[in-house]
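Undergrad: Let me give you the structure first, and then I'll get to my questions.
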Amino acid sequence: MGRDEEAAARAEAWNHGFGFIKTSVIKTAIELEIPDILHNHGAPLSLSALSSAVGVPPDRLHRIMRFLTHHGVSKKTASPPGESDYYYAETAVSRSLTKDNLGAFVLLQGAQRGPSACITAQGLKSRERPGVEELGSDPLYEDPIFTKMVFRDAMACHARLTTSAVIENYGEGFRGVGSLVDVGGSYGMTLGMLVEAFPWIRGICYDLPQVVAKAKPLHGVEFVAGSMFESVPEADVVMLMFVLHNWSDNECIDILKRCKEAIPRETGKVMIIDAIIEEDGEGDEFAEARLGLDVTMMAVTFEGKERTHREWAFILKEAGFRKYVVKNIKALESLIEAYP
């Protein structure tokens, strides 16, 4: 290894060592609403004005903005003639971190700090599903305000963005669909968006009784309580969004068998919306996020995971599906059409 390669390797090692700082700074920027302020202002904003807006001294804020600019979360612009103040503008990345975009989801990832939110050497060595004593608990989840606001908002923003991607890039897939059941559909936000976009669909939101009991009425959506391990309501299409990555292969096969029983053999299909990992870990611009999500699932579910094409093919075949087609919806997740 030459000196240049060695220096580059050491620099990369330093970057890994300080990797947590990036998450921390971006989390703080979201809490201070910096992405929203830059977006709503609509033009470059001075450091002094931004300092007044967020309540952080200019000398400290300058260092934070310098860090954010290095990572593309803001853009330093030229100062007006006669001014010496720093000016910052939004970027495509900062727009993605606003409250109406992925801000809440990124905030959740940065907020978690308990044993269940990280990978440990001991956890990787264990072959047993961890109990509460081993896994520990994140005090954040004992805080009702956190659970209600941060966690709920994070899950909602993720679902909203993915559903929008489905509507925009898979609209033709809903032609001729008379009924659709969303398995694990929670309070029906995703299904409500789909029914609004494709009003000819009769939506069935299927979840556990304790979830359905708290759901508010939605136009075009019927709420049904039950367990996906026992049965699934009959429909033209069964949808599983962010569901199967929580479960082991055997559990996924059981769930998919119940879904297969619920659709017409000749015309029905199961829609799976989850990430697909490339065999070599490479891929498009979402590749790193998918790998990170896979490791997260290993930490918080033990047997859950993001699957490769080969792994998806295996569980679909074992569940009795004769073929499947992968659709690119230009998101972290892909859409898999599975046919009985």
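The backbone N, Cα and C atoms fix where each Cβ goes, glycine too.
Here's the feature list from Swiss-Prot:
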- H245: active site, proton acceptor (ACT_SITE)
- D207: S-adenosyl-L-methionine binding site (BINDING)
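Each of the listed features needs to be described in terms of its position in the shown structure.
TA: Non-local contacts of H245 (active site, proton acceptor) by the CB criterion (under 8 A, 6+ apart in sequence, same chain) comprise D274, A275, L293, M297, T301, G304, K305, E306, R307.
Around D207 (S-adenosyl-L-methionine binding site), the same-chain residues at least 6 positions away in sequence with a Cβ under 8 Å from its Cβ are V183, G184, G185, S186, A215, F223, A225. Reduced to three states, the DSSP call for D207 (S-adenosyl-L-methionine binding site) is strand.
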